[in-house]
Structure formats: structure tokens, C-alpha cells
């Protein structure tokens, strides 16, 4: 599963309470307005009964959401959004004036704002497509031909609002989920996504720790160290697959989630990561099956990392940029090549570490 969709699903879980509250108010407000319209003297619809039934049903749904909404599964929430779209079609179909048909436009806008804020990109497209089709079908059934232009404008505006709001919400969530320096996921977000992935399939976790990073900060300054972290992490992220997740666990320690990957395949992926930047690093691996705890998997990977670091025997003065002993400025660091020089082995300077699945 791609990282963007994983993040969207995670945010849906985080905002379940807000999703329920907003949908409750949508049904309650819509139901009240339908009831008021049904019994108003200037009734906008041909038949009072259907409009009153829609209003009463919406109020009952709002009450049910208020009481049991927190326990509602995701499929039921999507079903209620689809029902909201069906109500749009019914109200448009029983309208007796162009004003009555056009008045449904703001209701469509409310649905668009809800979908833009709380639905994944895939669900947004489905809901907006069905809502637009429902509005068009209801307008056609009403027999009012003078409202088509206004209905088309309302649909276009609603779709634009939904798409814009969805993009803004994604960018806002993404900014809060990723480390500004490296672009890697924050620890808490990475753990949440790892738990979700482990419920579906086996995973392999790799803990990566830059070698002698403290010496870089001490000898060259923290700005150079930050530049190194940024370039290395972004090089790794560009080399990883769309379903592999890079997280920063603090300082110079990173973690990679590789779903559905064996230890042998993981070692091959790590060898590819070593080729994208010259920085040397140690790694610990652990594998888990669905049902195991992510924290225990991380502990196993951490133990393997400690073992790997004990096996390393770097010469005195060895720098994390293994083919350079001194770097005097960020400009020199940025000028460093981003791939291993020709003829240099991808695994140079690294002793094999013990890996294996959790017992």
C-alpha cells in the first residue's frame, strides 16, 4: 500500500470522533430544514409527505449517530454519506420550482466539504461522483429544465471545493507527520502505520544508525551534521519503494518498514540503500508475523543493531563520510558525491549482522 494512502487511512482513524460529530450535525440540520420546509406556507416541493419523511429520517439518524456513532464501522460511515447523496436526489426530484432545485446546491456543498476534510482521495472521488450524479438525476426527474445551468455550476463548484479542501488537509497532515529536517515520518506516525501494516501481512524492520555521527557534530559543527542527516535521509527515501516507510526515531537513528519482505530480500534492499550515499551506517534487522507486537520487533532489531555495531572495527579517526577525513564547510558537504565511487564495494566496512525472525 502506498504511503499516501496509508497516511490517509491513519488520519481517518485519528479523526473518527470529528467525522461522527460533523456527520451528526449534517443530518440534524438537514432534517430540521426539511421538516420546516415541509410545513412552511411557501412549500418548495410538490408533495409534503416525502419531504417530511426525509426530514424525520435524518433527525433519527442524527440521534443514532449521537448515541452510537463512536462505535460505527468505517463502511457504515461511508454508507451514511451515500444516503445523504440519495436525499439530495429525492429533494431535487420532488421540487416544483427552479428555486427548489437550485436550493439543493448548498446541501451538495456541505457533502463536498465533509468528503474533502475526512475522506481519502479514492473515497472522495466516489462520493463526489455519486452525489453529482444523484443531483443531476433528481433534477431530471423534477422536469424543470430551466435549472440545468445553475445545477451544473453548483456541481462544478462543489467538486472544486472538495478537491481543494482535500489537498489542503493532506498537506497539513503531512507536515505534522514528517520531520522537517529529513522528510522522514515522526516516530509516533511510523509506529501507527507499522501496526496497521502488521495486522495485514508480515513485515521486516531495519534500524539504521549512522556511524560516528557525534564526531561529525563535534568536529564540523551541527549545521554540517544536520545537512548530512537531511541528504542521507532524502537519498534513502528516494530509493525506497512506495510501500516502504522511512521514519526518524531520534538523532541519527532511522527505521525502515518493509512489508511482505523476507530477511534476505531486506538485506538486498539495504545493499541498494548503501549505494545511494557514501555515509557509512550500521543496521539491525527483525522480522514479525501478524499478531506480534511492533514494540517487540523494534526491540529485536535494536538488539541486532547493537550486535552489528560491536562487530565493527573502524580505524581511529574514521569519519562517517568514510572516504573523507575532514569537511570544513556545508558547501564541501553538498559538493560530496551522492553515490559510491566506481569500484567501491557496496558493503565495504560493514560486517554482517545477525538477523532473523522473532521467536
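One-based numbering along the chain as shown.
Placed from the backbone N, Cα and C atoms, the Cβ positions cover glycine too.
The transmembrane segment feature in TrEMBL is assigned to 20-42 (among others).
According to TrEMBL, the feature transmembrane segment maps to 48-68 (among others).
Residues or ranges marked as transmembrane segment by TrEMBL: 75-94 (among others).
Same-chain neighbours of the transmembrane segment (100-121): 4-5, 8-9, 12, 15, 18-19, 22-23, 26, 30, 44-45, 81, 84-85, 87-88, 91-92, 127-128, 131-132, 135, 138-139, 142, 144, 147, 150-151, 154-155, 157-159, 161-166, 169-170, counting only residues six or more beyond its ends whose CB sits under 8 Å from a CB of the stretch. According to TrEMBL, the feature transmembrane segment maps to 100-121 (among others).
Positions annotated as transmembrane segment by TrEMBL: 133-165 (among others). Long-range Cβ contacts of the transmembrane segment (133-165) within its own chain (Cβ-Cβ under 8 Å, at least 6 residues beyond either end) map to 85-86, 88-98, 100-102, 104-105, 108-109, 111-113, 115-117, 124.
Residues in the domain 'GGDEF' (201-326) partition by DSSP class (helix H, G, I; strand E, B; coil) as 58 helix, 31 strand, 37 coil. For 201-326, the entry in TrEMBL reads domain 'GGDEF'.
For 312-359, the entry in TrEMBL reads region 'Disordered'.
Taken together, the residues in the domain 'GGDEF' (201-326) have a mean pLDDT of 84 on the 0 to 100 scale.
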